[in-house]
């Protein structure tokens with residue numbers, strides 16, 4: 001059997017009364033107030049024999065240290081002593097009288113009499129724990145559900161309605177709270193064993209006011225088209241007359257017994273490029289040559305000259321009789337067009 005050792009409070013009283021440890025003494029013996037030297041080990045002048053004998057004696061008393069066998073560890077001795085002091089219910093520290101810094105640091109403690117000791121909390125029986133658990137379990141159920149099993153928000157919504165129709169989904173019982181549309185009296189059905197839970201369904205007629213939809217609350221708004229967008233649209237989109245005129249040139253062709261519609265060679269280039277026609281009409285000194293390519297090439301600065309093919313059409317708005325050379329590249333036409341446009345803009 002393990003040897004019973006003395007508890008910490010009587011052991012401390014014995015150490016104080018022995019007067020063998022420097023700095024450990026009574027401040028007020030009647031009130032059981034005493035001080036313990038508590039100098040930090042990192043301070044200059046700290047000594048094991050002078051500043052840590054109380055902690056070493058407690059380690060020997062608890063069997064954590066044996067002189068000549070174990071290696072001295074003052075830090076662990078002090079930590080174990082502090083934990084033991086804090087765990088005692090009948091000893092408390094007087095913090096306003098303690099000095100924890102400096103070479104003469106110490107802590108002041110007071111031994112509480114029996115009347116001032118805190119009473120131990122008794123353990124609760126199993127029946128008390130079960131009753132408390134049931135009470136905690138029932139509280140959220142009662143607070144979150146109403147009579148019909150609906151939460152408070154839903155029940156408030158249904159109570160605010162003027163007329164309700166209660167429908168039981170299990171036994172098909174209908175209790176109508178208003179007369180029928182033909183003016184007949186109210187019909188009531190009595191059942192011997194009505195169910196406990198009923199589903200509440202709201203039924204509305206065509207005469208009832210329907211809630212406003214999102215489109216009625218927020219009408220659709222279309223911002224006006226800017227002048228820039230209008231001018232761009234008129235230049236790029238052909239009119240209805242131009243589309244109708246373009247559709248008149250469709251011809252039927254029969255290839256290998258199959259019918260096809262074709263307008264090759266019949267379409268007017270002014271309808272194909274309405275934006276170009278508008279662009280050319282405002283420039284009297286501009287002449288644009290349109291050519292068809294069998295194999296389009298990528299747009300770059302090194303365009304080869306076009307082969308000698310007859311020009312399909314020449315669009316000109318000027319009355320001048322000047323002629324252009326047949327071999328004129330597209331890059332030169334675009335460059336000239338940009339030069340003319342820049343000159344007209346600067347002159348304006």
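Glycine is treated like the rest: Cβ placed from N, Cα and C.
Swiss-Prot lists 5-113 with the feature DNA-binding region.
There are 11 other CB atoms within 10 A of the CB of residue 75 (N6-acetyllysine), with all protein chains counted. Annotated N6-acetyllysine per Swiss-Prot: 75 (among others), in sequence order.
Summarising the annotation, Swiss-Prot assigns N6-acetyllysine to 78 (among others) and lists similarity to another entry as the type of evidence. In the three-state DSSP classification, residue 78 (N6-acetyllysine) falls within a helix. Cβ-based neighbour count (10 Å, all protein chains) for residue 78 (N6-acetyllysine) stands at 20.
Sequence annotations record features per position, and here Swiss-Prot assigns region 'Disordered' to 117-137 (among others).
The compositional bias 'Basic and acidic residues' annotation in Swiss-Prot covers 125-137.
The feature SUMO cross-link is assigned by Swiss-Prot to 137 (among others).
Look at Swiss-Prot and you will find 164 (among others) tagged as SUMO cross-link.
Summarising the annotation, Swiss-Prot assigns SUMO cross-link to 291 (among others).
Feature annotation from Swiss-Prot assigns region 'Disordered' to 311-348 (among others).
Positions annotated as compositional bias 'Polar residues' by Swiss-Prot: 314-323 (among others).
If you look up Swiss-Prot, you'll see 339-348 (among others) marked as compositional bias 'Polar residues'.
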